[in-house]
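To start, the structure under review is shown below, and the notes come after it.
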Amino acid sequence: MLLWLTEILSQYFSSLTVFQYLTLRAILGILTALLISLVIGPVMIRKLSQYQIGQAVRDDGPQTHLSKAGTPTMGGALILVAIAISTLLWADLTNRYVWVVLLVTLLFGAIGWVDDYRKVVERNPRGLPARWKYFWQSVIGATAAIVLYVTASMPQETSLYLPFLKNVSLTLGPVLFILLTYFVIVGSSNAVNLTDGLDGLAIMPTVMVAGALAIFAYLSGHAQFANYLLIPHLPGTGELIIFCGALVGAGLGFLWFNTYPAQVFMGDVGALALGAALGTVAVIVRQEIVLFIMGGVFVMETISVILQVASFRLTGRRIFRMAPLHHHFELKGWPEPRVIVRFWVVTVVLVLIGLASLKIR
């Protein structure tokens, strides 16, 4: 929106051409989203407390979690508001990638909002039934996949690139592309949701991965950088640095209130949306495998749940003391802050490995 305005006004005030630069708009996007989160956050927390929109805690979970009962939840709405406003202000709104990512994020957030609303307002412990949750996730994920395939104009937009290998890619037909995109978006959404069980555990890795994806988006959209680094050149993806920057700013602002001991939880409205956002950006910049690496914490949490359920159904025994994985470490006696920070450290290492794929071929 402001880009369009500055383009018009730059005819009269040449200094406004500085707003054409992606890097400046990305920085402003980060700061705008951060400011919105910090300003609106206290107001939202008070309102959530006033209307008793608090977190319910399972009796069979770690006993240390019982003190969290009643903590305001659905705070992920704050993140989505900050991301949406900042993106609409600073991104090029004629860019199709911006709209695809933003709409997928908000629609997954809507699914999470309904789930949270039924749990905490209607006092329905099941929330949105799983079959309906996955149905709507599938509809949105598949629709996004079809849109991206139909609007693709170059082969590299629908190819799978293997990191750490020089000029190695797999051409995907419509079926494989749509299936891969669907699984990345829906899988990423649910993986982040499973990780969101401790104060700040999900949001900081999300911020770090989003920051790394912003780098991939910028480099992929720049012909010279992309050719030098042997990554696919995808015109237009550079604008996603604005969205990723807004996510980083909004996430850091939310972490201000979500850090241990949390004043607010993001709920499904935030976790499902942020996971879908990461998956969609990774698909657009053709870094699905790198997302799998950088989001290793999310992957481990998801695999722990799958293994736990499979083991119990097949043998009647559990592999972990409790799943997802972070609860296993809690029940082993690790204090919550230790679990959180160590998972953050793991994410830092994995993100650096993912970024190393830019140069190691």
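Glycine residues also receive a Cβ, built from the backbone N, Cα and C atoms like all the rest.
Here Swiss-Prot flags 26-46, 73-93, 97-117, 134-154, 168-188, 200-220, 237-257, 264-284, 289-309, 340-360 as transmembrane segment.
Among 73-93, 168-188, 237-257, 73-93 has the largest number of CB pairs under 8 A with the transmembrane segment (264-284). Long-range contacts of the transmembrane segment (26-46) within its own chain (CB-CB distance under 8 A, at least 6 residues past either end) are made by residues 72, 75, 77-79, 81-83, 85-87, 89-91, 214, 218, 241-250, 252-254, 256-257, 263-264. For the transmembrane segment (200-220), the most Cβ-contacting stretch among 97-117, 237-257, 289-309, 340-360 is 237-257 (pairs under 8 Å). Scored on C-beta pairs under 8 angstroms, the neighbour of the transmembrane segment (97-117) with the top count among 168-188, 237-257, 289-309 is 237-257. Here the transmembrane segment (73-93) does not lie next to the transmembrane segment (340-360) in space: the count of CB pairs under 8 Å, restricted to residues six or more apart, is fewer than 3.
When Cβ-Cβ distances below 8 Å are used as the criterion, the transmembrane segment (340-360) is approached by residues 163-164, 198-201, 204-205, 208-209, 211-212, 215-216, 219, 229, 231, 260, 287, 290-291, 293-297, 326 of the same chain, each at least six residues removed from its ends.
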